[in-house]
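According to Swiss-Prot, the feature domain 'U-box' maps to 242-316. According to Swiss-Prot, the feature repeat 'ARM 1' maps to 373-413. Marked as repeat 'ARM 2' by Swiss-Prot: 415-454. The feature repeat 'ARM 3' is assigned by Swiss-Prot to 456-495. Under the heading repeat 'ARM 4', Swiss-Prot lists 497-537. Look at Swiss-Prot and you will find 539-578 tagged as repeat 'ARM 5'.
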Amino acid sequence: MAGGAITPDSLIGLIAEINEIPGNFGLFKKDCSDLARRVGLLTHLIEEIRDSSPPSESDASSSLNSHECDWWSDLVVGLQAAKRLLSSATSFQARESSDGAAKRISFQFQCVTWKLEKALGDLTYDRYDISDEVREQVELARLQLRRAMQRYGSLNSKKFSSGLSEPMEKDASSNRKVIEKLESIPETVHSLSDEKKFESPPPWKSSSVSLAFFLSKDGDDERLEKAVTENSDDSQKSDNLTIPEDFLCPISLELMKDPAIVSTGQTYERSFIQRWIDCGNLSCPKTQQKLENFTLTPNYVLRSLISQWCTKHNIEQPGGYMNGRTKNSDGSFRDLSGDMSAIRALVCKLSSQSIEDRRTAVSEIRSLSKRSTDNRILIAEAGAIPVLVKLLTSDGDTETQENAVTCILNLSIYEHNKELIMLAGAVTSIVLVLRAGSMEARENAAATLFSLSLADENKIIIGASGAIMALVDLLQYGSVRGKKDAATALFNLCIYQGNKGRAVRAGIVKPLVKMLTDSSSERMADEALTILSVLASNQVAKTAILRANAIPPLIDCLQKDQPRNRENAAAILLCLCKRDTEKLISIGRLGAVVPLMELSRDGTERAKRKANSLLELLRKSSRKLGSL
């Protein structure tokens with residue numbers, strides 16, 4: 001089950017613990033009771049997921065499994081944050097706390113609400129045997145969470161303007177030495193407000209606010225817990241070690257890997273504060289002061305202190321590379337300063353006035369980025385990504401463009417680099433390559449979009465960029481490899497509900513249905529069925545699939561195709577024919593009953609469920625006709 005060590009049973013127990021938290025009779029009484037009630041609605045969902053057979057594994061479902069893991073992890077994180085928040089809010093004393101403390105708790109309610117709504121929105125019901133009653137409960141919970149998000153609105157609420165003015169007494173910090181070091185940072189570091197900003201900040205989704213786990217001043221160990229741990233020994237050490245508060249991003253409460261200073265002098269993890277700003281917030285999250293500008297200045301002093309602290313406590317350093325060293329699998333460190341010097345020299349050549357120098361440098365970086373994760377980390381650390389993005393639009397230099405987009409593809413394999421690529425505004429340039437580049441460049445552009453779209457928030461950005469229409473064009477007219485790359489990217493993008501309508505409007509359905517009847521050696525029925533199975537849950541897509549006369553080829557797939565394809569064909573037919581007696585009669589006349597009965601006996605667990613559901617609907621429609 002996705003989510004690592006967090007099983008459905010343990011999650012049910014967590015929900016029970018949340019519901020057992022004593023009710024609050026103070027300022028946050030309604031917030032606490034509302035959140036606990038919404039969480040309680042999820043019990044039956046987790047129980048049915050627990051009782052469902054796990055989805056079958058196959059090559060075509062690898063991306064879907066990744067998505068499944070993402071939504072489950074989001075749910076786990078959201079529920080754990082909800083428990084911590086309710087425990088904090090119920091013990092909140094207005095008279096003993098500052099206005100800022102109340103605002104932080106209000107901000108946490110907003111963040112936890114968003115996280116839970118996002119997790120439920122990403123749930124794909126067809127992956128599990130979820131009853132209609134439970135679906136209605138989940139949709140009710142989502143509706144309530146969305147309404148709550150609208151109610152919380154701006155963080156500059158006047159709700160706490162009275163009765164909360166007494167200052168919070170500062171506890172003696174166990175990390176005073178660290179704080180003193182930070183306070184001694186020269187003012188020049190804070191005044192670097194003229195540093196160049198990213199030219200194209202990403203249009204992060206308007207409703208997204210990064211999750212604030214717990215913005216209390218207490219250095220408790222609970223906020224260090226991880227839903228999934230890669231190594232039990234390392235996990236045990238982390239649980240027993242309190243990270244200095246100044247090393248944690250005030251928004252995410254995670255150890256910072258790229259600390260950046262805003263105009264108020266506060267430091268945040270760059271990606272989180274960038275998302276905060278992109279959501280339209282004009283104030284500093286911690287101080288609520290208005291930001292004079294949106295320049296994010298690197299805090300190199302704090303980054304160095306974090307590196308030293310990680311080394312001292314034998315903790316893996318965020319970002320994988322700091323101060324010229326990278327951590328090996330055995331826990332030892334390897335010096336990469338020599339490699340870094342060579343890579344920096346190559347990155348400098350990327351901006352050379354000489355076309356030949358640029359071509360040579362980008363070709364070498366392409367080769368290096370293909371070889372190892374260390375190289376991908378170093379190349380990104382050397383600042384190559386923004387320069388490579390500029391090279392994507394090299395006029396008339398096809399070779400440089402091909403190598404640049406391939407470099408970005410290779411770099412995106414490393415998870416942290418995905419974020420840097422998005423922050424560099426790469427999507428717009430990648431889409432331009434996808435539309436007008438050479439075939440090799442278009443293939444690699446499609447593969448890059450797939451890689452970037454593995455992060456849920458990126459699905460939204462890529463979908464809004466015009467990429468889907470360009471991918472559909474490649475799906476129809478590209479090379480064999482280009483078609484497969486386009487299909488993979490389209491499948492992943494269409495997992496997000498908002499992109500399904502875009503794909504239909506871009507004309508995706510007709511080429512997919514055509515692929516079902518293609519008898520050539522380049523047949524892509526597997527890819528077509530996988531994408532159609534994702535689209536079919538959308539009403540606009542469902543109408544388009546029916547208009548494309550997809551039912552006959554789908555029934556053919558039921559009769560003679562591979563097990564995975566038969567499973568997807570049954571799932572699509574169920575979506576198309578549910579609550580439509582006319583369509584049920586049609587598939588019965590076209591010979592669907594016999595292959596469905598075979599599938600209900602011999603298919604995968606998911607295929608059996610879909611086949612049995614269709615057969616039951618066929619029986620009901622037959623009895624209904626007989627009674628007329």
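Each residue, glycine too, has its Cβ placed from N, Cα and C.
Proximity of distant same-chain residues to the repeat 'ARM 5' (539-578), defined by a Cβ-Cβ separation under 8 Å and at least 6 residues beyond the stretch ends, is recorded for 56, 58, 60-61, 126, 500-501, 503-504, 509-510, 513, 516-517, 525-526, 529-530, 532-533, 584, 586-587, 590-592, 594-596, 599, 603-604, 606-607, 610-611, 613-614, 617. Note on the repeat 'ARM 2' (415-454): DSSP counts are 34 helix, 0 strand, 6 coil. As a summary of secondary structure, the repeat 'ARM 3' (456-495) carries 33 helix, 0 strand, 7 coil according to DSSP.
A mean pLDDT of 82 is what the model gives for the domain 'U-box' (242-316).
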